[in-house]
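K.L.:
According to Swiss-Prot, the protein has these features:
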type	residues	note
BINDING	GLY35, PRO36, SER37, GLY38, ALA39, GLY40, LYS41, SER42	ATP binding site
DOMAIN	3-246	domain 'ABC transporter'
Amino acid sequence: MSIRLQEAGLRHGQVQALNNVDLQIGKGERVAIIGPSGAGKSSLLHLMATAVRPSAGQLDLLGEQPWLLTSGARQRLRARVGLVHQAPPLPPRQRVVTAVLAGRLGQWGTLRGLLNLIHPSDVPGAREVLAELGMVDKLFVQCGQLSGGQLQRVGIARALYQQPEVLLTDEPVSAMDPVLADHSLALLNRHAQAHGVTLVASLHAVELALAHFPRIIGIRAGEVAFDCPAEAVTPTMLDALYANEQLGSPVVPTATVLVQIPRC
């Protein structure tokens, strides 16, 4: 089992971002998380990545309980997990080649990591992953000169170069045009299938989620609304998931009730 959440909750100050989440994601599974803005998709991914600690419940990641480990052991565990941000945090003056190679900083010693900032240690490796994303011509360009969609492709290239066992992607194609978005998600899925990588992506574009991922998890108001194979997701389920999103209506807290989460 790659990821297991048991009654997991997460609070941001007074806001309950996630509540009573139970999920199991096996090795090599490819899963899309969908839901309205503010539903908790990013919070769920960051919880899985150990970027934040659950305020309730338990996370098991790659057979470990991260928050029971020493800080050093937790860092080594994180090196086995890739995280692609919606807006990759890349310094504007950093060259693309350095940004991509930084994917393995958690696996390298301190000296090699520092030397890589001065003289990139694996230019062919960076070039190979960038070529798959149509970005090889940007190898030595500074990140500050790239568009939002290009920066997202650099973030994906960085994660692919890292070669993680679990790859978590948070709205990885939101700034790309439809053709590039489709190509990038297809590439991520091919890579995951070829290498047995567990792939989890949060996506706002439902059509991309259904087209590329065998399993779909719907999140609404910080809770799992449904967990089904893509072919079992119905328009009725989607209507309920996204109800009132276009109106920007706040979620009204309701009394806790016991529900059966559909898992098809």
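Yeah, the Cβs are placed from backbone N, Cα and C, and that goes for glycine too.
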K.L.:
With an 8 Å cut-off on Cβ distance to the GLY35, PRO36, SER37, GLY38, ALA39, GLY40, LYS41, SER42 Cβ center, who else from the chain surrounds the ATP site?
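P.N.:
In sequence order, the nearby non-listed residues are SER202, ILE219, ARG220.
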K.L.:
If you average the pLDDT over the domain 'ABC transporter' (3-246), what number do you get?
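P.N.:
Mean per-residue confidence for the domain 'ABC transporter' (3-246): 95 out of 100.
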K.L.:
Could you say which of the binding-site residues SER37, SER42 has its Cβ with the most other Cβ atoms inside 10 Å?
P.N.:
SER42
K.L.:
Pick the one among the binding-site residues GLY35, PRO36, GLY38, GLY40 whose Cβ has the fewest other Cβ atoms within 10 Å in this structure.
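P.N.:
Comparing Cβ neighbour counts within 10 Å for the binding-site residues GLY35, PRO36, GLY38, GLY40 gives GLY38.
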K.L.:
Around the C-beta of LYS41 (ATP binding site), how many further C-beta atoms are within 10 angstroms, looking at every protein chain?
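P.N.:
That number is 25.
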K.L.:
Same-chain residues six or more away whose CB lies under 8 A from the CB of ALA39 (ATP binding site)?
P.N.:
ILE219, ARG220, ALA221, GLY222
